[in-house]
């Protein structure tokens, strides 16, 4: 690595430029240019330049030194750490070492400003290991911000309110009849008669069965989705969310073939179920306050919303033969959350392509999508179903 690149790579959050550390590292302690330095010399180097190091990074560096059974530290691991790039090999070194933290836990630190307290809170809400919490707290810069969940939520709310006002004016009654033919007559809702229009398998999230349906989804997306995106990034969270949305509509087309679909519950349930499963799998390490009570409240809210969807589906329609929307999309979202979602949330800094379970669940999801596509092409004709009239 070029010297200038190395210098630019080690500007940590709240830390000084560690030029002396880099300048001394190779010439003095690695004269043979092997790329390694003894842990003893590395520890003395840390002590002599401790004032220039962020305390959180110093603790992780010490944990790295303690984890090296061969008594040597790779220079590239040091650069990766200071540039906030945790490789899989580095993570394994930390996990296999004793991971001794030399100062108090992050939760006990005082004198933090509002933004620092928020970042610390998010760390304890989503990450099960103290060393990962400190790593996240040290490296998070809010750049980019959690734009994906906020953007999706605003679009859903804006679209739903616009259609609510439009339908209220045109029908001369401000009621939320999702089965009304005019409500279904738009290019966003998934309808079994229009299943060939592929965009509907995704755009149905912008329409909801009512204000209470929209409200619960918005609350869950903001309270659960935004913190998860702050930790895992828009790419991972967007992947789980979109996979849940598509799985939801495809599940309806297979298991509830005569019903339309509205609402973002597929994506929301994918995120929430992945988060809850991650908490259960790492129960002893999760330090979020009142975690049992909060899990119970989340499960109760999800159960009530799901129960409302089941009741609505089988309740007689006010505008027959237009049926009420299906509840099966919720189950598709949960299935994605406890498979793909758990893998994505398990190791937030590890590359997904390095995880064997990732490929297994991707293969399962791909097989399901292909099966659903062929089902939509052939099954409706072979079963000779009586579908509701097109909107």
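Here the Cβ of each residue, glycine as well, is placed from N, Cα and C on the backbone.
Annotation comment: TrEMBL describes 265 as active site, nucleophile. Taken from TrEMBL, the feature active site applies to 330. Annotation comment: TrEMBL describes 196-346 as domain 'Peptidase S54 rhomboid'. Per TrEMBL, transmembrane segment is recorded for 201-226, 238-255, 261-280, 292-314, 326-345, 357-383.
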> What is the separation, in Å, between the Cα atoms of residue 330 (active site) and residue 265 (active site, nucleophile)?
Replying inline: 6
> In sequence order, which residues at least six apart in the same chain have a CB under 8 Å from the CB of the residue listed as 'active site, nucleophile'?
Replying inline: 213, 217, 248, 305, 309, 329, 330, 333
>> Does the structure show the transmembrane segment (261-280) and the transmembrane segment (357-383) touching, where I'm treating 3 or more Cβ pairs under 8 angstroms (sequence separation 6 or more) as a contact?
In response: no
>> At a 10 Å cut-off from the C-beta of the residue listed as 'active site', count the other C-beta atoms across all protein chains.
In response: 25
>> Using Cβ distances below 8 Å and needing 3 or more such pairs, separated by at least 6 in sequence, tell me whether the transmembrane segment (292-314) contacts the transmembrane segment (357-383).
In response: no
>> Three or more CB pairs closer than 8 Å, sequence separation of 6 or more: does that hold for the transmembrane segment (357-383) against the transmembrane segment (238-255)?
In response: yes
